[in-house]
Amino acid sequence: MPQLRQNIITGEWVVMAPERAKRPNEYVTADTIKHQVKAECPFCVGKPTYGSRIKSEDTANIYVAPNKFPAFLPEENISVRGYYPEKGFYRVKPAIGGHELIITKNHDHSLDAMPRNILEEMFLAIQRRYLVYAKNDLVEYVMAIYNHGPVAGASIEHGHAQLFSSSIVPSLIVKEKHGSEKYFELNGVCVYCDMIEHEKKEKIRMLAETDSFVMFNFFASRFPFEIWIVPKKHSSNFEIAGYSIIRDLSKIMRRGLDMLNETLNDPPLNFFIHSLPTTSENADYYHWHLEIAPRVTGYGGYEIGSGVIIDITSPEECAKYLKQSEKH
């Protein structure tokens with residue numbers, strides 16, 4: 001029987017419709033991906049993107065470069081693009097901020113095959129750039145994302161994360177922040193901290209636990225096999241995580257990706273980090289976390305028209321498949 005589930009943080013509803021479910025091997029797989037020839041890759045070392053890199057951010061395996069087609073621009077570049085200030089009936093303002101790429105130097109280190117130590121370097125680079133943008137008074141929010149596979153929005157196969165900094169706080173983050181504040185006011189505790197304890201107690205959606213993190217399939221998932229990785233120790237800001245935390249994050253992240261690869265044959269996916277806005281101080285009510293969203297189904301008219309997502313595979317069933325993958 002279909003079931004409505006509410007996101008305890010944002011209040012949004014999703015529909016679980018397991019009768020429509022597919023088995024893992026029936027979802028979109030890596031076989032649909034056309035591999036890019038290295039000689040034509042613009043991100044490889046020696047190509048134009050590498051030439052535009054921020055040299056101070058160079059590490060053994062990672063480099064950082066501005067996006068050639070940015071969604072957000074530094075303030076000094078806005079005037080030449082013909083933007084105009086807020087006026088008239090509709091609200092309009094310049095898309096001030098930044099848009100950078102965090103790129104692996106090895107073409108073959110796409111997310112499905114990225115070694116743990118390279119993941120660690122990538123997270124550290126994201127953290128350093130986050131801190132740079134957090135000092136900018138015009139920046140309200142910084143978000144790191146990774147698109148893996150064309151279905152998930154990746155136009156270039158070469159492994160790279162993206163960092164967006166903007167003068168607005170995205171609406172989903174606003175909902176998370178407000179929902180977390182409300183829960184804290186009512187219960188006197190962080191909703192994420194409570195969620196961690198609940199998932200550890202129930203076990204049915206739990207995938208893994210390390211010294212610093214828990215990893216589980218999210219109860220009100222928007223995507224089949226959606227995974228959350230949450231720090232066990234309360235912290236609202238990703239950018240202040242110490243080296244040991246980042247190292248542990250890379251370990252559990254690699255484990256989660258391996259589970260997905262084994263179960264869904266290298267699925268297209270997005271991952272993103274949610275953290276407190278840059279203008280907010282460390283807070284007792286919010287908890288930074290990383291979400292992995294496999295893109296193995298599309299949205300239909302009801303989802304687009306209503307904003308209510310139908311997930312055809314329950315997180316409990318997904319957790320069972322993912323945990324079985326480690327036994328093979």
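Cβ coordinates come from backbone N, Cα and C, glycine included.
Automated prediction, rather than curation, is the source of TrEMBL annotations.
Among the candidates His148, His158, His160, the one that TrEMBL lists alongside Cys41, Cys44, His107 as binding Zn(2+) is His158. Across the binding-site residues listed here (Cys41, Cys44), the residue whose Cβ sits among the most other Cβ atoms within 10 Å is Cys44. Of all the recorded positions listed here (His107, His158, His160), it is His107 whose C-beta has the fewest other C-beta atoms within 10 angstroms. Cα of Cys41 (Zn(2+) binding site) to Cα of His160 (active site, tele-UMP-histidine intermediate): a span of 12 Å.
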